[in-house]
Amino acid sequence: MKNRRYEVEILQIEGIYQSDPTTIFNQLCNKKKCTLLLESAEIDKKHALESMIIIDSALRISSLDNIVTIEALTENGKSLLFKLDLLLPLTVKNVLFENSRRLIFPFINHEIDEDKKLRSVSIFDTFRLLIKTMKIPKNLTKSMFFGGLFSYDLVNNFEKLPILNRNQKCPDLCFYLAETLLILDHKKKNCIIQSSLFNRKSSEKNRLKKNLQEIKTKLTQNVPKIEHRKIDQISLKCNLTDKEYIKIIKKMKQSIKKGDIFQVVPSRKFYLPCISSLSAYQRLKQSNPSPYMFFMQDSDFTLFGASPESSLKYDSKSKKIEIYPIAGTRPRGKTENGLIDLDLDSKIELEMRMNEKELSEHLMLVDLARNDLARICEPGSRYVASLTKVDRYSCVMHLVSKIVGRLKSNLDIFHAYCACMNMGTLTGAPKIKAMELISKFEKERRGSYGGSIGYFTESNNFDTCIIIRSAYVENNLATVQAGAGIVLDSVPQEEANESRNKAQAVIQAIIYAHSSREVV
């Protein structure tokens, strides 16, 4: 059977611009599964830049270990399955179902050299081949828009790491191929709604046209209030007490003294009920505006957060790839009534900038980011664009830097992500040894925490953030995970305090959204 490649047809209309994407998401998606809200804001001024909402998904792509599951959610998406069948290499076993495919990939050979391993057949080929099923229209971006998450544990498919318990339903990766995408440009104050047609069926085209008009009409109607359900008391629990966490930190410092590692990032989990996730996200966004904000509504879980830290960013026009390491954290300087004390805040910043431990930790991670880019960038193209800048958020301030390089012409964004995961600010250095140590002491999969969320397109544009300052919600229970970077000079109690400070913005947002008083 010949694989006939059709051009993606984009159906597009303009809607009424609204400044709050969260209320639009509530109006158009409500509790619809496989929907995603991505927001971005300026780091310094916190002004909104662009927001994107996947209103309808054509496909849901998820993986666990070496098995990828592709679910067609519409007839439009289903047409891509048949095209994909004809492109799969013989080394990939394809199990066919009426509305889905289960792809079983060969395990990575760990005995071959790093470059060959990077280019081996892998679960990332699912995305490469899906993009190849269609001709891409010229001068149109986002005609194939994939939004979703890569979990921290995805790295286990590519590196020999300990096998850990899986206590949550979070897959190794979970992405949606957008069928209907809403794009808000907050600078131009416009709203574009577009649908991607992946076949030539007139019935599907008419369905998408009708859907676009219905969405446009909905945007003119009264906006429903975001659900706000009260919980009288919230019990906040943690999987590790300060005493237990400090004990782990001390043991990890022994590994640093032995020379096994230079740095490591142990984490702990805070648990609390959350039945109004979108309300909690809205509160988090208001109290802690960040460069990356996200709300992912899956069939198995909800994930929301406001992350300060980019994971990997790639611009296909300039070929530039960026990493934005954050290391060095202090609480904001506040008065007794919770307002920012500018004088105290500046003193805390100065202390952080002059602190030898914070600077050595930060520069170590800058070097690690440079080494990550060295594997995938053209020789001589790497440079440090900014060094030890301070970014401020509601509860904490951070030391940040930016490292830039030009991606090699024979590599793509998936090679780049594979080479760089997981980011050193969530693992430590050397990465593999640090991740082994994390597995030994944390004893369970991290799931979404420390992975990344964002989007990529058919043109290779790629923008993701590290999943921190976030809540993973499953069965109405939120898990808020936070860690601290440990080096030789670390003071264990201070690191325990830091992990709690990092979790506070999300915990407070959840408590506020449910109008509750915290019970520790």
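Note: Cβ is positioned from N, Cα and C throughout, glycine not excepted.
Record features (Swiss-Prot):
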- S40, P291, Y292, M293: L-tryptophan binding site (BINDING)
- G328, T329, Y449, R469, G483, A484, G485: chorismate binding site (BINDING)
- E361, E498: Mg(2+) binding site (BINDING)
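For G485 (chorismate binding site), the binding-site residues whose C-alpha atoms fall inside a 10 Å radius of its own C-alpha are E361, E498, out of S40, Y292, M293, E361, E498. Proximity note: of the listed binding-site residues (S40, Y292, M293, Y449, R469, G483), G483 have a CA within 10 Å of the CA of E498 (Mg(2+) binding site), given in sequence order.
Checking each of the binding-site residues S40, M293, E361 against R469 (chorismate binding site) by C-alpha distance, the shortest gap belongs to M293. Of all the binding-site residues given, namely S40, G328, Y449, G483, A484, those whose Cα is no farther than the 10 Å limit from the Cα of E361 (Mg(2+) binding site) are G328. Of G328, T329, Y449, G483, A484, all annotated as binding-site residues, the residue with the shortest Cα distance to Y292 (L-tryptophan binding site) is Y449. Residue pairs drawn from G328, T329, Y449, R469, G483, A484, G485, the listed chorismate binders, are separated by up to 19 Å at the Cα level. Spacing of P291 (L-tryptophan binding site) relative to Y449 (chorismate binding site) is 17 Å (Cα to Cα, whole number). Of all the binding-site residues listed here (M293, A484), it is A484 whose C-beta has the fewest other C-beta atoms within 10 angstroms.
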